[in-house]
Amino acid sequence: AHLRQVSGALGRAGEGPRMPDRSTKTTMGTEDMHERKVSVEPQDSHQDAQPRGMFHNIKFFVLCHSLLQLTQLMISGYLKSSISTVEKRFGLSSQISGLLAAFNEVGNVSLILFVSYFGSRVHRPRMIGYGALLVATAGLLMALPHFISEPYRYDHSSSDNRSLDFEASLCLPTTMAPASALSNGSCSSHTETKHLTMVGIMFAAQTLLGIGGVPIQPFGISYIDDFAHHSNSPLYIGILFGITTMGPGLAYGLGSLMLRLYVDIDRVPEGGINLTPKDPRWVGAWWLGFLISSGLVVLASSPYFFFPREMPKEKHEFHFRRKVLASAASTASKGEDLSSQHEPLKKQAGLAQIAPDLTLVQFVKVFPRVLLRNLRHPIFLLVVLSQVCTSSMVAGMATFLPKFLERQFSITASFANMLLGCLTIPLVIVGIMMGGVLVKRLHLSPVQCSALCLLGSLLCLLFSVPLFFIGCSTHQIAGITQDLGAQPGPSLFPGCSEPCSCQSDDFNPVCDTSAYVEYTTPCHAGCTGRVVQEALGKSQVFYTNCSCVAGNGTVPAGSCESACSRLVLPFIVLFSLGAGLASITHTPSFMLILRGVKKEDKTLAVGMQFMLLRVLAWMPSPVIHGSAIDTTCVHWALTCGRRAVCRYYDHDLLRNRFIGLQFFFKSGSLVCFTLVLAILRQQSREASTRTTVKSSELQQL
């Protein structure tokens, strides 16, 4: 899926080379002695020199898995980049689109335990390949509604021919109005059934996407850890996540490119279309990105069917890695505590390969007991709650930030995706890596890790405060902004358009630039004529003889430009800096869990951590944010009597509620880290007191 997959795993990879424990030191020494003997034993040298196929090379597997996870995150992140476009195309509210974006977690959570149990009992590369094919199938299903639906009609008053779009919404006397303009479109049970079918296909595709993604990351990481040299494994995993982190950025970049193309680029009507990407009725080619991503996933999955179930263990470590471990070993000899802080995560795949000797029934029985034991641990519980808050913030941002920027600053969906992919996501990745570097280089203790988390959360919260004031109010919209609590209807429109046969659910906005007033259609502006001007190869539509405009003037087609679009860059810079500072907390918070739970529970605790994040953050957060956005809508499009997509929002209310939700989750994370720091300091003081008492007792003896 997802950004949380990259951020969670990269935090683990950011630890770099980790210190071995005492038992591992002995193994390392034996292996190093064996490797020194290899150079003088001709038989072993001959065996190492034997050519081996590339599918028996763990380095080639790392390359393949990096590309697969990159393409998987592209296909799972692409929906978020085009969420507002999908809303317009299929008439979805933000609440429904948020539920759609979160639905892939349902399939993921429902199978993660079973995948964990069977992790060491199956052919892992093939299972990864099958999962990738399911992911590609899900991408194709996501694009299917485009091919089985009718061509996009961007104005309800045009029933058959899209070239009538502008003329059908002009001001005509009631007796002269065409029958199609007086109706609410062709509403029937067949129409509603088809709409539900389209939405159902997308929900099924998201579920399949979650199921297909279950084996990819856990099996891949455990496979690398099993067959790579013990000292090369962290390097390989670091390379894996270094490449993988580009996935979300590429997804938003792909969305930026695809949404510049018209949705029906494969079936453009004769005479072309009369829309531009700046028009609020514009719908980009959202489906094309799913086809491209699915093709890339299929290509990336093909090598997995040729990898063996088990490959020869890698015998040699890299030369520069040997130097790093030599210096690390000398440091580790100074104390046992330091080595325990950097104990290797043998199975970084969360729940993967836990207790392989247990039967399935025993495994299911053990899991709840360990879960309850860890949930009673205050540090584990508070750190997970803080990560739930942070992940909820990230999930809402990844899903609805592009739409928020579109509405708040009147920019195109393509430009909003470009800002997110080029600025916000890179800063988040840098923050995660910086957190890992600080933990490793400064050898931070648990108390210091909690202090770093607290500092990052506090700075993130402070950067959020100015965002409440960066934006501008909704411009005046005739018949809508005068009474925000009333439902749109003919009585709300100005009296100048009363003689016209205007339909309240039509949408073809025009802007009176002199008074900065927007009308939902030329009819509501009282316009009776239309002219097209050609300039520099582009056509601009104007409506003339508009009775609602001063002097029966002329108005251009399209919504009014935002008065504060210049503020989008300061807003996104502050927002991105706050997100980057929040992401610094990920690696130190992960280390708090590793150092806080029992040694035998570490692997299971990590798996429970990510499962709880999915259930408590990544599943509900997009729905919560979507519901909050829906409450700020002041004008809904109506399709067959039901609410469809929102056409106009109260910008001040939208900004306060969207940023307010983000502020709420950031505050929750800050409170949790404050409690963690207080508990750890108390435990540290108690430990030092016990040490002092024991020392005094020894002196007395």
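Cβ atoms here come from the backbone N, Cα and C positions, even for glycine.
Per TrEMBL, these features apply:
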- 31-48: compositional bias 'Basic and acidic residues' (COMPBIAS)
- 490-550: domain 'Kazal-like' (DOMAIN)
- 1-48: region 'Disordered' (REGION)
- 99-118: transmembrane segment (TRANSMEM)
- 130-148: transmembrane segment (TRANSMEM)
- 196-214: transmembrane segment (TRANSMEM)
- 235-263: transmembrane segment (TRANSMEM)
- 283-307: transmembrane segment (TRANSMEM)
- 379-401: transmembrane segment (TRANSMEM)
- 413-439: transmembrane segment (TRANSMEM)
- 451-471: transmembrane segment (TRANSMEM)
- 567-594: transmembrane segment (TRANSMEM)
- 615-638: transmembrane segment (TRANSMEM)
- 658-680: transmembrane segment (TRANSMEM)
Leading contact stretch, 283-307, 379-401, 413-439 vs the transmembrane segment (130-148) - CB distance under 8 Å: 283-307
Touch test for the transmembrane segment (658-680) and the transmembrane segment (235-263), at least 3 Cβ pairs under 8 Å: no
Stretch-averaged pLDDT - the domain 'Kazal-like' (490-550): 77
The transmembrane segment (379-401) vs the transmembrane segment (196-214): 3 or more CB pairs under 8 Å: no
Long-range neighbours of the transmembrane segment (413-439), counting only residues six or more past its ends (CB under 8 A): 3, 6-7, 10-11, 13-16, 81-82, 84-85, 245, 248-253, 255-257, 259-260, 277, 284, 394, 397, 401-403, 405-406, 449, 452, 456, 568, 572-573, 575-577, 579-588, 591
Long-range Cβ neighbours of the transmembrane segment (196-214) (under 8 Å; 6 or more residues past either end): 1, 5, 72, 75-76, 79, 86, 90, 92, 96, 100-101, 103-112, 115, 131-139, 141-142, 144-145, 148-149
Helix, strand and coil totals (DSSP H, G, I; E, B; other) for the domain 'Kazal-like' (490-550): 6 helix, 21 strand, 34 coil
